[in-house]
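A short worksheet on the structure shown next.
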Amino acid sequence: MNHPKDETYTQAHTDFSQDLSYGDYLMLDQVLSAQRTLTPAHDEMLFIVIHQVQELWMKLIVHELSSAMGLLKQGIVDPALKMLTRVCRAQEQMAASWEVLKTMTPSDYLQFRASFGRASGFQSHQYRLIEFLFGNKQPFMMRPHQHRPEHHRLLEQALQAPSLYDISLHLVAARGLEIPQAVLQRDFSQPYQPHERVRAAWLEVYRHPEQHWDLYYLAEKLVDVEDNFRRWRFNHLTTVERIIGHKQGTGGTAGVPYLKRALDIVLFPELWQVRTDL
Ligand code: HEM
């Protein structure tokens, strides 16, 4: 118990009538009043908090990823790698949140599922933006955002722009390795198609890491990011299956079969192929 004369804390600032306080700086009144439950069900609070926490991590990921891509475009690798490391750590935090959510049973979920109608993570604009930045470009996925022009615009910009992988391939070319013009000047709004010459370029990097150290390190960082993304998908799928089984999703997809299909998505194909070639 604290002693009233304990000077380790009695000098603490206590008057915030003129100064910015912790809660004011972090806008906690807004943040902590944003958990609006629609039912008296006990577990609805958990459900809302887990989604909001993940959306906050996604916000940080978009922030880091956009800056990292900007740096890589200018050929600045080390600070970009530091940001991508932070993306990986944030992904790990997102993955860890399933452990908390899994304490909710199918019966608990049914207490409030009907209350939010057709709302679903399928309509998360930040998740879709991250997918587009990583290069998984599916124009159909912009449709749920037609009613929110600012979100739609963000997605449209990311759809048309080079992805993290496209930018990395430009860097590989700038370092003197051969990347075909057809790859460098492709239509970025289309999903990336693997190319033999790109595979050969990465093979060269992995065969001689000491000559291409930062490209080698960048490649491994991309694999970390994709590895973590796959884990998120897999843990989400398993959590969904244990909570709703094979019921249709509130977003209108087939649910588990749709999420299983997404496990086959490959973001940086040649970086996985090169493992076989080595
Ligand atoms: C009870 C927990 C959950 C269930 C039952 C669930 C269920 C589903 C289902 C069935 C889908 C497929 C789309 C649909 O038809 O709705 C989906 C998609 C999605 N969910 Fe969840 N989910 C849960 C928790 C979460 C959480 C905590 C997040 C964190 C933000 C999340 C994010 C997403 C995202 C981003 C998608 C789109 C995935 C894609 O299109 O590849 N979900 N969810």
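Each Cβ is built from the backbone N, Cα and C atoms, and glycine gets one as well.
Site annotation (TrEMBL, ligand substrate) includes Phe47, Ile48, Val49, Ile50, His51, Tyr109, Arg113; from Thr238, Thr250, Thr253, the additional listed residue is Thr250.
Binding residues for substrate (Phe47, Ile48, Val49, Ile50, His51, Tyr109, Arg113, Thr250) extend across at most 18 Å, taking the greatest CA-CA distance.
Note: the Cα of Arg113 (substrate binding site) and the Cα of His236 (heme binding site) are spaced 17 Å from each other.
With a CB cut-off of under 6 A applied against ligand 1, the binding-site residues Ile48, Val49, Ile50, Arg113, Thr250 are reduced to Ile50, Thr250.
Taking only the Cα positions, the spacing between Val49 (substrate binding site) and His236 (heme binding site) is 16 angstrom.
Checking each of the binding-site residues Ile48, His51, Tyr109 against His236 (heme binding site) by C-alpha distance, the shortest gap belongs to His51.
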